[in-house]
Amino acid sequence: MGQKVTGGIKTVDMRDPTYRPLKQELQGLDYCKPTRLDLLLDMPPVSYDVQLLHSWNNNDRSLNVFVKEDDKLIFHRHPVAQSTDAIRGKVGYTRGLHVWQITWAMRQRGTHAVVGVATADAPLHSVGYTTLVGNNHESWGWDLGRNRLYHDGKNQPSKTYPAFLEPDETFIVPDSFLVALDMDDGTLSFIVDGQYMGVAFRGLKGKKLYPVVSAVWGHCEIRMRYLNGLDPEPLPLMDLCRRSVRLALGKERLGAIPALPLPASLKAYLLYQ
């Protein structure tokens, strides 16, 4: 689970009021997942073939990284000194809600580990060690080690994320977490251990944005697994009803759906079959 570090380590649960922001201006922030995002996360993940379609682009990368032949969801960075290297995903998104999982071992992050989105024009290489994703107006990035958000970083100040952190606190981002890009609302958010961290960036609507990361650690390997997407159309009533039933049952009782006194077709629908 994501953790805050001050003098010691504290587990963060945003549902616990003791971890709500102390700053008055942050207390109104919503840490509940939006309805569409909640529905998407309840859906089964897409097939491996679809994941490959949304994976790292071996033709759109720094020359110091490459997509692995034996697992095309992972890219590897060569141990090149004084270099920051990035790679984009294959698909640029202009509409809909999209969620992907990033798996990046904490021990392989080094001084500048940044995850976010970028246009096709964002640079993918820089000399020296830097926060490459978010350094200009073509990309938006979350620096995992610094807990800072960067966009047009050469001209704009960074912001704390998650926003509930106090100045003396650090949020430890685990090896795996989720990225949620909503091109209909124009927002980028992150989810850690099932907890919605709030909106990181706004104003993305009307752009074409690709998943991106920038790294400095030699031999680091970063996996991106596309989970699913939702079109911008209104959510069907049947889907909303299914979600309500599954919520009422709770995750621990979903396995009991086949035993419910319901028609077989309805039980199959509740199980996404």
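A Cβ is built for glycine as well, from the same backbone N, Cα and C atoms used for every other residue.
Per Swiss-Prot, the features are:
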- Tyr31: phosphotyrosine (MOD_RES)
- 33-231: domain 'B30.2/SPRY' (DOMAIN)
- 232-273: domain 'SOCS box' (DOMAIN)
Other C-beta atoms that fall within 10 angstroms of the C-beta of the residue listed as 'phosphotyrosine': 16
Average pLDDT across the domain 'B30.2/SPRY' (33-231), rounded to a whole number: 96
Secondary-structure category, per DSSP, in which Tyr31 (phosphotyrosine) falls: coil
Secondary structure tally of the domain 'SOCS box' (232-273) (DSSP, helix then strand then coil): 29 helix, 0 strand, 13 coil
